[in-house]
Structures are given as C-alpha cells and as structure tokens.
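So the structure is just underneath, and the comments pick up after that.
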C-alpha cells in the first residue's frame, strides 16, 4: 500500500564521491592537461508516495544505486570511459551522464530531480532536465 500525500511531495538527497583524472582538450588553460579530482556527486529524488514503512525510497538503496553508477568512473581517466571518449569530461557532461544512467535504476514512483557535481569544495554544477 502506498500512502498518497495530497498536494505535497518528498525529496530525498544522497551523496557519494570518487577519484578520477581527466583532461579537457580544447580548453585554454591548465585544465587542458591531465589532472585529478575527488569528485563529489549529490542526487535528489522526489515523489508523493510513501511505502508501508513510511519511506519514499530507502536511503541505503539510493546510495547503492548512486554508487553503482559512480564505480564505473572511480580511479579511471574519464577521457577513456564512454561517453567521455567522445565528449569532454567536464563537470557539466558528467552531471548529465550520471543523471540519465541513474534515472534508469529508480522505480516508477520516483523522479530524479537533479544531479550536482563538485570538482572541488568551491566549484559545483547542477544538471536538471
């Protein structure tokens, strides 16, 4: 049984991180050369329906789903990992790629709202479709 909350919705956010290198060919600056980051990724999902326990989606499942997508990039050179072997592995592209890969993992009653990617504690990009 799902409990429908009229007029409102819930948002759930989880984070994970991974270490990877990348280079930005065509960029006029030091980032054109191979360098690394500890990338932090935060995702927010939303929905109106809670399960019998009163959860939108279990935090542990959301963390598992996110980790499952990010492990493909961990300790890699992103330029060698599809689709970044064809497009520059910018934070913007990474956020979009993570969004559409992660969206496939959620049940129908869950909407993925946004993916935020930090290259550093002071630099973040957010992707929302």
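Note: Cβ is positioned from N, Cα and C throughout, glycine not excepted.
Automated prediction, rather than curation, is the source of TrEMBL annotations.
Copied from TrEMBL, the annotated features are:
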- 22, 35, 37: Zn(2+) binding site (BINDING)
- 31: active site, proton acceptor (ACT_SITE)
- 75: active site, charge relay system (ACT_SITE)
- 119: active site, charge relay system (ACT_SITE)
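Residue 22 (Zn(2+) binding site) sits 11 Å from residue 75 (active site, charge relay system), taking the C-alpha atoms as the reference points. In the three-state DSSP scheme, residue 75 (active site, charge relay system) is classed as coil. For residue 119 (active site, charge relay system), the spatially nearest entry among the recorded positions 31, 35, 37, 75 is 37, judged by CA separation.
Note: the CA-CA distance between residue 37 (Zn(2+) binding site) and residue 75 (active site, charge relay system) rounds to 10 Å. For the pair residue 35 (Zn(2+) binding site) and residue 75 (active site, charge relay system), the C-alpha distance works out to 12 angstrom.
Here the Cα atom of residue 31 (active site, proton acceptor) is found 18 Å from that of residue 75 (active site, charge relay system). A simple Cβ count within 10 Å picks out one of the recorded positions 22, 31, 35, 75 as the most packed, and that one is 22.
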